[in-house]
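Heads up, the thing below is written out as structure tokens.
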Amino acid sequence: MTMTKPEAETVTSTPIANSLTAGRLPTPAPWIILGTAIAVSAALFAVLGVASGAGFDWGGAIIVGGLLYVPSIWLFSRLVEGGRRAKDRLVTALVTGAFLLAMIPLISLAITVVTFGLARFDAEFFNSSMRNVTGEGGGALHAIVGTLLMTGAAAIISIPIGLLTSIYLVEYGRGRLAQGITFLVDVMTGIPSIVAGLFAYALFAIFFGPGIRLGIAGAVALSVLMIPVVVRSSEEMLRLVPNELREAAYALGVPKWLTIVKVVLPTSIAGITTGIMLSIARVIGETAPLLIAAGFTQSMNYNLFEGRMSSLPVFVYTQYANQGNPPEAYLDRAWAAALTLILIVMALNLLARLVARFFAPKFGR
Amino acid sequence: MSKRIEVRDLNVYYSKFLAVEGVSLEIEPRSVTAFIGPSGCGKSTFLRTLNRMHEVIPGARVEGEVLIDGNNLYDPDVDPVLVRRQVGMVFQRPNPFPTMSIKENVLAGVKLNNAKISRSDADALVEQSLRGANLWNEVKDRLDRPGSGLSGGQQQRLCIARAIAVSPEVILMDEPCSALDPISTLAIEDLIEELKQQYTIVIVTHNMQQASRVSDKTAFFNIAGTGKPGKLIEYDATTTMFSNPSVKATEDYVSGRFG
């Protein structure tokens, strides 16, 4: 007995190899490997640059370094950590690479628009139209007003139609009629925007004769593009409302229409608002239909129902397509208008997020 | 306040599928009746026909008669909305409206119907209903907080408060305790005992002890096999059903020797 006790102690204090452990690369290892890969490729490019006499190619060095990193991290991980972890590292590297690749055009576009757009992003740009302006100066107020008016009118037309259609599809629609509507909405989603413009032009030409160009025609063209987006997004949101809530309301003796108005819509209003804002953001940048249906003008026009109406995308197009003298003035105006349009869309998206957060069902205690 | 339910030879169909066949029973006012039976035997389906909630499911229809104090629910001129104002329902999973506060949830039956109610009346109704559901003391300080922030058992009692706020004659409960812990279950069983003084209560349950604890009469439903219609096997006083049933299948089921 006296002999076994210390023995037992030594047994427990001896570390036993844990069969659940496996080799693991130290945490900074991937970064070290990435740095080495880029350094190797930079050295390669430096040699090439000296040999060919051309300068050092930074972009090429980073891309080749990144490409070099993928197989090397896999190889190291394979040796140290085994096959499963190696596969994980490989896929992580590929996915991150794809993400970075996708970010390049986005960031490049943002930088380009901001650098070129800032040249004319001044007060005059926002408080004057292009009336009697040749060459430098002038602004896009008429186009901004036109864009806001036409998009607003398109929203006023499309939101009720789209929302009511989606309510019909989710709450009432059965059988062939609902299937047919769903099919047609899907087809409408794929209509080329120029066709929507031609449709609106043809529709108004019936009543006002050929050559008619009105702000409201542009709004109709935009709503043709907007309605299917509103229908699809609201439909998805309404379907997300649990049936239990509808049943709870029915069981309280609430009629169906009141259940929809007071239970289903408030529950899904956050998602529906987001969908509507995104559909507005989708049509606000349309050029072709507005060029056909609303035309363009150099002057202010606050009336949707009379005369041609400019919009920001069409303004960009006309400034670029019909450059006068000096051409830089026209190009700068085009870039500034593009920047304005992007800022408007960004503001709309931000607004959509705020609205969604504000309306979302609350779960606080 | 409470009414007598009489069911005569009721068949329930989902499109062409006969789900429940030939049910006839009478439910006395101010009593608790429990429906027991294996899953899929049509208990819930039958319960839903008592306030026409089965119509929410497309293709569901009924043959036969359900009389509430002599008024046939399935008369062609009957408005299902009016039926549901008399026959309230509590569901298996607590389903408070997520956009509404506790107070608004209790008042949902009034407010959703666009009825005008004065502030003092509303406050009185909220307190009375929440007291009726044994929830007042737990939530009286946070009536304006969202109903979905309560615990599962509290949410279920909130749903019961919501159901009794519209002062129905009958309350149907579809497995109201199946998602709750034993303590919340006990709270709800006590509540059923109290509600019995004023309302006719019909409860579907899978818990045999619960049926024997809370109910005055018990109905046992069974099904011959998948695809066959569910039938009412036996309907009698709860004590008889659990001690001395007249049908062998009932005895097997209540004693756990089923199948």
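Cβ atoms here come from the backbone N, Cα and C positions, even for glycine.
Summarising the annotation, TrEMBL assigns domain 'ABC transmembrane type-1' to A:144-352. If you look up TrEMBL, you'll see A:31-52, A:58-77, A:89-119, A:139-169, A:181-208, A:214-231, A:263-284, A:334-356 marked as transmembrane segment.
Distant neighbours of the transmembrane segment (A:334-356): 110, 113-114, 116-121, 125, 140, 143-144, 147, 270-271, 273-274, 276-278, 280-281, 284-285, 312-313, 315-316, 319-320; these residues of the same chain sit at least 6 beyond its ends, with a Cβ under 8 Å from one of its Cβ atoms.
Long-range neighbours of the transmembrane segment (A:139-169) within the same chain, counting only residues 6 or more positions beyond its ends whose Cβ lies under 8 Å from a Cβ of the stretch, are 124-131, 178, 181-182, 185, 215-216, 218-220, 222-223, 226-232, 234-235, 238, 260, 272, 276, 279-280, 283-284, 290, 294, 297-302, 304, 309-315, 333, 336-337, 340-341, 344.
Within the same chain, residues 146, 149-151, 153-155, 157-159, 161-163, 165-166, 169, 185-186, 188-189, 191, 193, 196-197, 199-201, 203-204, 208, 275-276, 278-280, 282-283, 286, 289-290, 292-294, 301, 303-309, 311 sit at least 6 positions outside the transmembrane segment (A:214-231) and bring their C-beta atoms closer than 8 Å to a C-beta of that stretch.
Beyond its flanks by at least six residues, the transmembrane segment (A:58-77) meets 25, 29-30, 33-34, 36-42, 44-45, 85-86, 88-90, 93-94, 97, 100 of its own chain at Cβ-Cβ distances under 8 Å.
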